[in-house]
Amino acid sequence: MLWPLLYRDLNESQKELRQKSLDFIGYAVLFSQLTALVYVYVYVNFLRRGVFRRLEWRLKYRILGGKTPIRGKVQSVDAAVMYWAWMGLMVWLCVKDVEHDYLHLTKAFGMTAAASLPLNILLGMKYNPLKLVFPNFSYEGPVNVVHQWLGYQVYLLMVVHVCLYLKFFWDTSRMKTRFLEIDVLCGVCAFGIMTFLITSAHPLVRKSFYSVFYNLHIVLSALLLPLLYFHVSHSRPYIIPTVGMLIVDRVLRAMFTMSTTATISLDPRSSIMDISVSFPHKPPPPAGSHILLNVPSLSLWTKNPFTVVESRNGHVRMVARVQGNFTKKLSGATKVPVNIESGYGGHGVNKELVGGVDRVLLIAGGIGGTFILPWARFLEANGVDTRFLWAVPKVGDLQWAGDGVALAEVYITGGHENGEDRNGGEEGMELLDASNSQDVLCVPPASFNSGRPDIRKAIREIIGRDGRVLVMVCGPDLMAEDVKNAVRTHTLAGRDVKLHLEVFGH
């Protein structure tokens with residue numbers, strides 16, 4: 001039983017029994033995590049079809065219910081169910097054997113948080129052993145989201161742990177004694193560091209001050225674990241493996257980081273920056289994959305993600321829009337020494353993703369064409385029935401694509417890449433006269449249009465025939481949500497549609 005909670009004085013035998021109960025909580029957390037990983041493997045490889053796939057899509061409604069489309073950052077029902085079900089399991093493990101013991105409950109929340117750390121760090125590793133089991137495993141996308149979710153849950157468990165202990169110290173007049181002892185101070189400092197980590201990981205901070213977020217994440221994570229190690233000895237079986245994983249990840253990243261020179265060119269008409277990098281000592285990463293680029297002259301630690309547009313003859317080419325502090329500084333150079341980590345992203349261009357597919361619909365928004373264009377070239381070269389829609393704010397944003405534009409049905413929106421006007425609405429965008437703009441391009445596109453593509457119509461047309469269809473999209477959040485909503489409708493109707501959303505750097 002849980003209530004009422006009492007400050008109980010236990011003898012040594014009772015304390016030993018309480019510690020065994022707390023140790024069991026840690027083992028139960030690890031077993032639950034292992035069970036969840038096994039379930040994901042079985043579901044993705046054997047069950048994600050037919051009625052289970054339709055059920056998955058049926059749960060992709062927004063939390064407030066109804067048939068309102070999933071838009072923007074609104075949490076869908078399936079994600080919310082998974083998040084709070086896991087949180088409920090962690091809370092149940094904390095309270096199930098309390099037996100009115102206040103300190104048992106207090107310590108249980110701390111043990112649950114500590115036991116959750118190894119999986120959180122494992123999911124955040126760039127060189128991840130889970131790739132041996134999940135071939136298409138990628139740190140980006142859903143895995144990164146789960147990493148963030150688990151981080152928030154660990155922090156919430158820590159908040160309860162700290163608040164309960166503060167109440168205990170206050171009620172027992174120990175704020176000036178026990179509170180100042182080294183083990184408690186280590187816990188307080190660790191909690192403060194975790195608070196900074198969670199705050200810096202908020203999307204508003206992360207996107208606006210990416211270098212601050214990145215550097216804080218590295219430095220504070222290195223400080224957090226030693227503090228937790230000295231905070232309490234019973235959590236060390238979880239802290240030591242976590243430290244080991246961080247060290248292995250950093251060593252591997254250092255070993256596989258390559259130093260070379262990047263050649264930079266900027267198109268002033270479109271603010272599109274072209275980056276060419278040579279790979280003299282190892283095979284370059286495939287087109288459609290991602291790399292992390294560090295420029296020591298700009299920052300010793302910060303690494304920014306870029307998508308490989310072309311990969312041939314020991315060189316890779318990347319393209320980016322000049323919009324943040326990093327790209328603005330980088331665009332002012334012509335040649336600069338760089339450090340590169342390559343091979344990120346679940347799918348470089350390969351036949352595995354399109355195996356068994358009869359038709360493919362490619363949808364790109366703005367600079368999202370850097371991922372979609374390599375696929376368009378690959379599918380066209382292999383004779384796959386493909387349709388490619390590409391929406392950009394202005395025609396100059398297509399210059400970098402060269403003859404690849406000929407594969408696309410181009411839509412000039414005349415607005416912003418995120419598909420919204422400056423007032424935050426979605427209508428009333430200034431549309432350009434596409435017919436007068438296409439002469440800017442060296443190679444004409446398959447078709448040239450003003451306004452936005454009708455995504456629902458395009459998906460309906462390509463799904464209208466029998467066979468298996470793959471829809472790939474890389475673009476702004478609202479575009480991705482529109483695609484998900486449209487695919488969802490056809491999946492629930494029993495059509496065989498596979499959706500791939502490419503995201504990088506949540």
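Each Cβ is built from the backbone N, Cα and C atoms, and glycine gets one as well.
So that you can see what the record holds, here are the features copied from TrEMBL:
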DOMAIN    109-225  domain 'Ferric oxidoreductase'
DOMAIN    262-332  domain 'FAD-binding 8'
DOMAIN    358-487  domain 'Ferric reductase NAD binding'
TRANSMEM  24-44  transmembrane segment
TRANSMEM  108-129  transmembrane segment
TRANSMEM  149-170  transmembrane segment
TRANSMEM  182-205  transmembrane segment
TRANSMEM  211-230  transmembrane segment
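The listed stretches are 108-129, 149-170, 182-205, 211-230; of these, 108-129 has the most Cβ pairs under 8 Å to the transmembrane segment (24-44). Assigned with DSSP, the residues of the domain 'FAD-binding 8' (262-332) fall into helix, strand and coil as follows: 6 helix, 34 strand, 31 coil. Taking H, G and I as helix, E and B as strand and the rest as coil, DSSP gives the domain 'Ferric oxidoreductase' (109-225) the counts 94 helix, 0 strand, 23 coil.
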